[in-house]
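Enquirer: Encoded as structure tokens, here's the structure I'll be asking about.
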Amino acid sequence: MHKVLTELRDREILKDISNEEKFLSLPKNSGVYVGFDPTADSLHLGNYVQIVNLIRFKKHNWNALAVLGGATGMIGDPSFRSTERVLLSTEELLKNKNKIKSQLESFGLKVFDNYEIYKDISFLDFLKNIGKLINVSYMLAKDSVKDRLAQGLSFTEFSYQIIQGYDFLHLYQNQDIFVQYGGSDQWGNITTGIEMISKVVGDNHKAIAITANLLTDSNGNKFGKSTGGGNLWLDAQKTKPFDMYQFLINQPDSEVEKLLKWLTFLEISEIKDLVNKHNKNPKDRLAQKALAYEVIKDIHGKSAAENCTFLSEMLFNLSLDLSKVTLENMEFAYNQIESFEVEKGVNLVNFLVENKILQSKRLAREFIASKSLKFNYEPIDEDFSVSSNYFEGKYATLHLGKKKILICKVK
């Protein structure tokens, strides 16, 4: 049992544990769970931190369970929020649940929907049998609740911690789940579950709360937001893998070792060696490249990670050997960065101007004069007609100046 705790400490992830002595005495194959509310139709990079840690438990032979918040998602967690969440419609919640369940299962995790606990419990039975297990004064003492009282807190949101707490009791009694794990902002909700368990089972219960430090960026904001402030989604249709790759490869040197420890399964010794090599020549961004590759590989697969690595090189290497680039690389690139379709044989400069890819022929001539208008890395002139000798004639690269590259699909 101690091995997973040692790993969480070595990776500087562990924040709090309610009773370490009790944790170390738990039987083999004990269960641990993390909750994921279906507030959107995809999980995001911030959620991925907890997915990775749940997988760490699984690798250490724990019975790891992802709890899908079909019930809690109907209410919305008020913890440390300044405003009440907008409630989801039944149809939207169902759609979100199905997609998130598939995402969690894609990581090899077992998934349990907490709606199954409550679907046959009447409101009066809930008050009679569950509500009596917790005191209002105990709930009001939670920082996550106190912070909202001044702004107003509905009974709906106030009851969230009762449901999350009862989840823990139910899983403890029915599935031998003795540990609930979550971010440090979940401490109040998790310990509510332990309070309920102690009321039912007694003080000799085995329930443990474990929380992780919140992963933040260099500005102290929650990690996983794009430059524009939006979430970086795990769904490739919502966030392109290459956009996530670029986000990771642009992380500052001051953060990259922490991110390698938190977001990858590389051994600590590997990470230290990698960071030492990186520090000898930081401009090569060796650590950031490893971070981006590992995370994309674990989320989207090895092929996507290799294609992202290629695409990054293509964007920033002005002398790339196209003979080493595959058709699969180009098909991937076409769907990841700015691209367009063009018919074989047409005058390329005219096409670019007519389709507003270049603003004017004057600008085209400036690029041509500086040899920075390139088709498949070769400078072209104003009379060039589209034809690609690479990638089975189906794709080509187009450089507009020194910093912009597009992918052409040749029809």
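Note: Cβ is positioned from N, Cα and C throughout, glycine not excepted.
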Enquirer: Which residue range, 82-86, 102-106, 222-226, 282-286, is the one Swiss-Prot calls motif ''KMSKS' region'?
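Expert: Feature motif ''KMSKS' region' in Swiss-Prot: residues 222-226.
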Enquirer: For Tyr160 (L-tyrosine binding site), what is the tally of other C-beta atoms lying within 10 angstroms of its C-beta?
Expert: 25
Enquirer: What is the pLDDT of the domain 'S4 RNA-binding' (346-410) when averaged and given as a whole number?
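Expert: Averaging the confidence scores along the domain 'S4 RNA-binding' (346-410) gives 89.
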Enquirer: Among all the protein chains here, how many other CB atoms are within 10 A of the CB of Tyr33 (L-tyrosine binding site)?
Expert: 28
Enquirer: Would you identify the secondary structure of Gln164 (L-tyrosine binding site) according to DSSP, in three states?
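Expert: Where Gln164 (L-tyrosine binding site) sits, the three-state DSSP reduction gives helix.
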